[in-house]
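*Asks:* Below is one structure. I have some questions about it.
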Amino acid sequence: MTEEILKVIKEAGKIILNAHDISFDIESKQGDANFVTQYDTQVQDFLYKELSKIIPNATFIGEEDKNQKKVNNGSCFIIDPIDGTTNFIFDYKHSAISVAFMQNGEIITGYVYNPYLDEVFYAHKGKGAYLNDRPLHMKDIHLKDGIAGFGTSPYYRDMTEQSFALARKLYNRALDIRRSGSAALDICYVAANRYVLFAEFCLSPWDYAAASLIVREAGGNITTMDQQPLTYDKPISILAANPAAYKDFIH
């Protein structure tokens, strides 16, 4: 199943790579800096069609659904067709396709694909995490010794002060900080030891579902920012880190 799903995701990545005239078909969704393009919809439709051939009884929850559905107890895909749509619109080549497969409320497999770099992060529960064919094993690097990523939740302007207080905290305690515009990739960068930590106050399940399994299978911690287990039915805060940096942040 893993190879079949990976093949579909990589095919979907070609839609992103071949995109043109993006600025002619942009719609705004609820919240500031929250956009959808024809390519978001096209990628999602392609994934729904092709993945349903692999697991015919699966339901789908995607960012571009007109009517948001709830996670059920059967087989379910949680999909972000283009995580980092604003980056995509402005040709800032840092966006990803995120696909999580959930069974009975538990993430079983997760895939995050950056088509620009042809990097696919993926994990299967109990079988480890990988970047392309390379196993991912997180290192215990302290917060002061590494790069921390953060998000500013631009769709939720009431969180502006909170978000920049977080940025200041990380700036003061980490070696350096980054804000990339793709939470799915940022969380995977924690799994790959490119970041020691990533935090954001409000993310939707399709932003973190796949990446959450990748971090866990690489040996890291991922919870809400108040150290509660993740849920996949509503927006929540996210704190992902290697074990040493996680302890540094919460203490």
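A Cβ is built for glycine as well, from the same backbone N, Cα and C atoms used for every other residue.
Please treat TrEMBL annotations as automatic predictions, because they have not gone through curation.
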*Asks:* So TrEMBL lists Glu63, Asp80, Ile82, Asp83 for Mg(2+); which of Asp158, Asp176, Asp186, Asp207 goes with them?
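*Replies:* When TrEMBL describes the Mg(2+) site, the candidate it includes is Asp207.
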*Asks:* Using all protein chains shown, find which of the binding-site residues Glu63, Asp207 scores highest when you count other CB atoms within 10 A of its CB.
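*Replies:* Counting every other Cβ within 10 Å of each candidate, the maximum falls on Asp207.
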*Asks:* Per DSSP, Asp80 (Mg(2+) binding site) is which: helix, strand or coil?
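*Replies:* Once the DSSP labels are grouped into three classes, Asp80 (Mg(2+) binding site) ends up as strand.
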*Asks:* Would you list, in sequence order, the residues of this chain other than Glu63, Asp80, Ile82, Asp83, Asp207 that have their CB within 8 A of the centroid of the site's CB atoms, where the site is the one recorded for Mg(2+)?
*Replies:* Ile79, Pro81, Gly84, Thr85, Ala96, Ile97, Ser98, Ala184, Ser204, Trp206
*Asks:* In which DSSP state, out of helix, strand and coil, do we find Glu63 (Mg(2+) binding site)?
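*Replies:* In three-state terms, Glu63 (Mg(2+) binding site) counts as coil.
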*Asks:* Might you list, by sequence position, any residue in that chain lying six or more from Asp80 (Mg(2+) binding site) with a Cβ less than 8 Å away from its Cβ?
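*Replies:* Looking at Cβ-Cβ distances below 8 Å from Asp80 (Mg(2+) binding site), excluding near sequence neighbours, one finds Gly62, Glu63, Ala96, Ile97, Ser98, Ala184, Trp206, Asp207.
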